[in-house]
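**Q** Have a look at the structure that comes next, please.
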């Protein structure tokens, strides 16, 4: 048998990772091997000199990119795994279907990742020149694919050292040597992706055959006939939307050499379509059509192999002892180190807890759950979860607070919410281990519950983040889906059940069927059933060979299940007894009480079994007593100098904790207290938060900092995991959801139109298209115009083209957005088209539903998030309008006419649109350079804005007429502006880096004064809450939100340690701001000074201005609210009343200016002469 020699596992090789032997359908290899040199081999590779720089090789391989690569210095790593998770398969399907639009979706996948591997000839990990690449082998029912992914940032190197020379690295497929005739071999078929030129290597990151830069997809076999390797069919690259115009925080002001945060933009320039210039070569063939046999049957591979994550790691205990638990020992192995809990403790070495000691868990629960046939979900955020486990008898208690009565009774059957907690600390039968003993306290559990017979499904995801400083296990829980309704007042009884746990490296699965009985108020009862499927993922230590041994299948037995919903306190409780043991449930004839839990030991004691039914009770570490009664040892009192100098000892149950005195901090050993020299670990990069793509480090003073997961991720900040938003049905039912790291996208299915959140089978015709099609009519030969009749022309967006022509008479003219001729623009025959001003794109406005909303700008779009009370209804967020190629900075809302106003720095211009439907309407398009901040006086019907290039503040009527400059001195970079029309005040911020300030004046520009000038950095956003009279600002330089009463001057910090705020608005107790670094809308409780929610838009680009669109206009009046205050032109409120002002271009019109009824000046029509008169009454 050709594979017989491979049945024993090969010896380890520092440069070669040998996987388990697999059964291959064509028997062409002995082992499936992942090589650090960048390829997967189907046989033992020959010496490096025989294949480096070459394709094909003399053995079967799939080469992602092979060369002489270095994974030394504990940096480079190689990982591989078998993966059939929905998220991974969706990602693979996305790549495959883009390259082969008609092909099936995969069912299995193998993922191989080379991380930070460097070419030996270019090796310098300190410069971050390591290369990352990935190979995914995916299999559908009858077809297999290889997906190659290369870094978007480009290839750091393209050559490898071969025999003293430098040659291009190689990518491709090779069958290796095959038998020829009887006693000879020859080179088998192969397929080259790269050539001998380095440019072909660099092209891997720049080009594509799948329609996405750096992603290459190949079909490598179609069952039952494994034929040729076929490359993807889409070599065109779409325009890179990442090039869209945006405001740059590092932009330098052209007018101020000192630099500044000047708003700039660059034009939208789509990249040229790139085609492959060098087609891959195929190997030699002998007559007939060339084919290449698939090197292995991926279906067989996936069904018969087991995978483990490996990494090259030269780290030792000497440098990493502090990564182990305080109650663990570190042990060095050939490839690295591992941590092992000491006797009397159990866990994975990183997390160790005392045997017999009760365990506590705390966490938060978030959910979006539909009950019964309800069309709307019950949503809840950050509900408290508390759990307590008596470890020596396996009894677990779980309580979740603030569960509304609509949902609470229907969650009673889900005692499984505490099931994984029960498994983690289950009472162990002889020879078996509970979950914490195996994997410690850092793991992720995802379960799918299917209720029978109606097939309602609920997904439960629980992320366990380890033990916190209070010795409590931290867990985050998310519920998404639908549950059958349990009527209020009903009770639920859950029958004992068992659950089979199957173990493999870094993966544990379990399943069970559970029955429960619902008893109604009328005395009737109904038995129901649900099925439970669970997957637990974790990271084991890869260096201990014994620890990687696959554990036998175990059975969790659960009985004495108690559930109750307390409607008065909105609290749901679960309790259950858990034992882990033999899969057959076998027990000895005479059970020892230690294994039944009926031993009578103290809850802080461990039961030690002896011969037969004998046992003893022993107090857990940190406690003293006879085992039946145990008392906490006060180590701080009984152990002299338990903590070192400059520290204080705090006793805790079963242990103690040392804390440094004020002015001191722990040294690197974690024990010695040294003088505290404040270090901003966030700025220095010495924090232990997760990577910046997943977490944010917030400096909190001294040497302290806070780790928090970014939107789209969950965890405690030190470890953050992606939230699969696609599990919660975020997209329209006719759309496909694609989960991405930290976000997701929705795309309408073929044949449907929309943004993915709403999809329709028909695209609504525009006014122009309806007009055109009506005139064209329809005949048996298709649409035909009536001879001599004018038919309008529409652009690609369905809008009227700015210039229209009548073909029969040769006349052309300009039209407005409604297709109406603009007087005075018509030209006669032969004179060509007139020069028409584009009216702007047609904007399809999504009408706002009733209620109060947040409106915010995101490059060329304005989106809204509905508010329920003060909370954001994030799942109902939608785009209000889309203006491609524009950069919208400021937004304001007119609550009277339901209009949104915005500033655009690309035109530059100020425009508006009715949120009940309609198009974009230009308001001001001249004498602007960089309009940014914008504010509306809904009482006086006026519009205020700042221009950071012209350095001035202006006002105009809402239609853009009666324009007047209010302030044009001592301004450098004015941006945010707001008005308080009831009190007649105006506020603005100038983020001039040399002298930032916040100023105020009356709304007519008089009585100007500086409110704040000290301790400011980049005050970007302003908001005013008329209910509390609080003026608040967001500062991207100090990273704070601050508030004050403008009259009293009582300045205070509302929120610190924020990242890079831009816009800010308020509603009730909450502040909402946009953040450039997080690309999110963040909600802050102004009173508590805490961040309470985050909304991450679908499109991940910078967010700009934000405002509150109120359902009803705020209460209040001013002098300008009635009859324009009696003014002929501009009426501007002031604290003392109002001022009547003339526009700057008032020459030739009759205009009277007055203040408080006193006429100041008038201008006569046609005279062009300004005459001043004192003392007259107006």
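Using N, Cα and C of the backbone, Cβ positions are placed for all residues, glycine too.
Annotations per TrEMBL:
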{"type": "TRANSMEM", "residues": "15-34", "note": "transmembrane segment"}
{"type": "DOMAIN", "residues": "64-223", "note": "domain 'NIDO'"}
{"type": "REGION", "residues": "231-286", "note": "region 'Disordered'"}
{"type": "DOMAIN", "residues": "357-590", "note": "domain 'Nidogen G2 beta-barrel'"}
{"type": "DOMAIN", "residues": "590-631", "note": "domain 'EGF-like'"}
{"type": "DOMAIN", "residues": "632-674", "note": "domain 'EGF-like'"}
{"type": "DOMAIN", "residues": "678-721", "note": "domain 'EGF-like'"}
{"type": "DOMAIN", "residues": "722-760", "note": "domain 'EGF-like'"}
{"type": "DOMAIN", "residues": "765-836", "note": "domain 'Thyroglobulin type-1'"}
{"type": "DISULFID", "residues": "805-812", "note": "disulfide bond"}
**Q** Out of 64-223, 357-590, 722-760, 765-836, what stretch is closest in contact terms to the domain 'EGF-like' (632-674), meaning most Cβ pairs under 8 angstroms?
**A** 357-590
**Q** Check for me, if you would, whether the domain 'NIDO' (64-223) reaches the domain 'Thyroglobulin type-1' (765-836) - at least 3 Cβ pairs under 8 Å, residues 6 or more apart in sequence.
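**A** No, these stretches are not in contact.
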**Q** Same chain only, please: residues at least 6 beyond the ends of the domain 'EGF-like' (678-721) with a C-beta under 8 Å from a C-beta of the stretch. Say none if there are none.
**A** 442, 444, 463, 465-466, 468, 474, 476, 478, 665, 741-743, 1056-1059, 1077-1080, 1094-1096
**Q** Please work out the helix, strand and coil residue numbers for the domain 'EGF-like' (678-721) from the DSSP assignment.
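**A** The composition, in the requested order, is 4 helix, 15 strand, 25 coil.
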**Q** Counting every protein chain present, what is the number of Cβ atoms, excluding its own, within 10 Å of the Cβ of residue 805 (disulfide bond)?
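**A** Taking every protein chain into account, the count is 18.
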**Q** Based on DSSP, tally up the residues of the domain 'EGF-like' (590-631) by helix, strand and coil.
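**A** Across the domain 'EGF-like' (590-631), the residues distribute as 4 helix, 15 strand, 23 coil.
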**Q** Once near-sequence residues are set aside, which residues in the chain of residue 812 (disulfide bond), 6 or more away, have Cβ atoms under 8 Å from its Cβ?
**A** 803, 804, 805, 806, 826, 827, 831, 832, 833, 834
**Q** Could you give the number of helix, strand and coil residues in the domain 'EGF-like' (632-674) as assigned by DSSP?
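**A** Reading the DSSP string over the domain 'EGF-like' (632-674) gives 4 helix, 18 strand, 21 coil.
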**Q** Any idea what the model's mean pLDDT is for the domain 'EGF-like' (590-631)?
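**A** The average pLDDT of the model in the domain 'EGF-like' (590-631) works out to 83.
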**Q** How does the domain 'EGF-like' (722-760) divide up by DSSP, counting helix, then strand, then coil residues?
**A** 4 helix, 17 strand, 18 coil
